[in-house]
């Protein structure tokens, strides 16, 4: 057999290598036949397969082979780098690579080498290494490579350095769709969903910036929908949906799943379910069902969440996310027995979130002893969130002893957030124990803990309007305050009396009524009434849970003004219509 024929024969064997023994035998054959040095292309392809093999000993053997080569080629380095980037320990692998290969620059890395290294640094969120690799990109003169710069941008974004990611993007003279997608996803998944949407609109209006024949793809749409879902911008979400239709992406299952999530989080349950039912049954995935069940749950339709869970086809096995979504639905609807039944029948090991939902379910129902017993009998120690859940239940039912126990546990765990103090203070205030309230506030001051201010915002004609309690910063604040006076007058005719028990301060009754009147969600609703046509649905998002008085007021406004009002608070959705709320006053 000729040398070239032998090489071709060995090449044909590469796809058949299935075990570490096969790889070692192939390596030995390369050594004994002389092909290891004579055919660098074959060697690099072998290294690539070896480095990516799932066997735990394969990658170390690939690195050993690389270091044994007297004159390794760049392709050899890239094969090892690719394996390192995909390995379970990219940080350790990068350290090994930086210490033994890159400083000597033998072999000389190319754009592909740096791309694999950047993927590894992104996986381990190593911003420092990304900066060093960025310097190497400039030093080696490969800063014109669009794919490499896209990977650099992506690495910065995944390391949380969105400013550097944007700088790389802005300095690029040529951008392909992957470049736009990387920054879109980075902004949407990071802390800048508003910037992500602005970037999406820029892309939507600037197709000429993409190379010829390139179009937005499912990654583009999913990132934009994620941003809409986070902020609760229904109109923007609908625009993204229409945009997806232009490119035939609205039938893509991944896009559909994101649409379900977006519509449900923007308060349009009906649209979310329309998208779910538009997916062919055979194409519906676990993610599709999880998104639809979560949609029912967050809107307080626990019974519907249970029914959809029971209707899941046998080919789809529920996972932890599925069970959590169903349990949340039971929790928001007060379906205690159903929730316990689902929890006790779980086919996956429950985690802290599952236990936390059960504790909340029992706590809301007033079964505080069972809730406490669940906390102390779990197979792992309760975390801060679980004790906060129990503290919230104690506050809801005014049980001082349990509240103090939970607060002490939180202190032992090192929790020092405003919510812990506020809940305990509220329990004391509900019992008119003002000295204890003062003591809690003194502790907050001494620990430099500040209460997170409540705020609400609403979207009118594509513009977000934000309000805080007692806000007078809005340009139309005087109109808003006059509208509130009219609201109070009209709903008083329907029997409204301010629930001053929600004002947890030792002040007079008149002062309490004034404090209640100008809560941020009331300001947002009042603005919506004067800024939108009669009959239009009002949508409000609040960063904290809605208070009892605002809940009553929203119900009465929906009746007095003939409006549907949808409020998304920290925990769930409330849909107010004709004097009723979708939560059935269980929240």
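Please read every residue number as a count from 1 along the shown chain.
Using the three backbone atoms N, Cα and C, a Cβ is placed for every residue, glycine included.
Look at Swiss-Prot and you will find 462-492 tagged as region 'Type E(+) motif'. Annotated region 'Type DYW motif' per Swiss-Prot: 493-587, in sequence order. As annotated by Swiss-Prot, repeat 'PPR 1' applies to 145-179, with the evidence given as sequence analysis. Annotation comment: Swiss-Prot describes 200-203 as repeat 'PPR 2'. Positions annotated as repeat 'PPR 3' by Swiss-Prot, on the basis of sequence analysis: 217-251. The annotation repeat 'PPR 4' is assigned in Swiss-Prot to 252-286. Here Swiss-Prot flags 287-315 as repeat 'PPR 5', drawing on sequence analysis. What Swiss-Prot lists as repeat 'PPR 6' is 319-349. The repeat 'PPR 7' annotation in Swiss-Prot covers 351-381 and is backed by sequence analysis. Sequence annotations record features per position, and here Swiss-Prot assigns repeat 'PPR 8' to 383-417 based on sequence analysis. What Swiss-Prot records for 1-30 is transit peptide, and it gives sequence analysis as the kind of evidence.
Taking the region 'Type E(+) motif' (462-492) as a whole, pLDDT averages 93 in the prediction. In this chain, the repeat 'PPR 2' (200-203) touches the repeat 'PPR 3' (217-251); three or more CB pairs sit within less than 8 A of each other, excluding pairs fewer than 6 residues apart. Distant neighbours of the transit peptide (1-30): 36, 38-39, 42-43, 45-46, 49-50, 53, 55, 57-58, 61, 65; these residues of the same chain sit at least 6 beyond its ends, with a Cβ under 8 Å from one of its Cβ atoms. Same-chain residues lying 6+ beyond the ends of the repeat 'PPR 4' (252-286) with a Cβ under 8 Å from its Cβ atoms: 218, 221-222, 225-226, 228-230, 232-234, 237, 240-241, 244, 292, 294-296, 298-299, 301, 313, 316-319, 322, 539, 566, 568, 573, 575. Remote same-chain partners of the region 'Type E(+) motif' (462-492), defined as residues 6 or more beyond its termini with a Cβ less than 8 Å from a stretch Cβ, comprise 231, 233, 235-236, 453-456, 515, 517-527, 529-531, 553, 556-557, 560-561. Within the chain carrying the repeat 'PPR 1' (145-179), a Cβ under 8 angstroms from the stretch's Cβ atoms is held by residues 111-112, 114-115, 118-119, 121-123, 125-127, 130-131, 133-134, 137, 185-187, 189-192, 195, 209-211, 214-217, 220, all 6 or more beyond its ends. In terms of DSSP secondary structure, the repeat 'PPR 2' (200-203) contains 4 helix, 0 strand, 0 coil.
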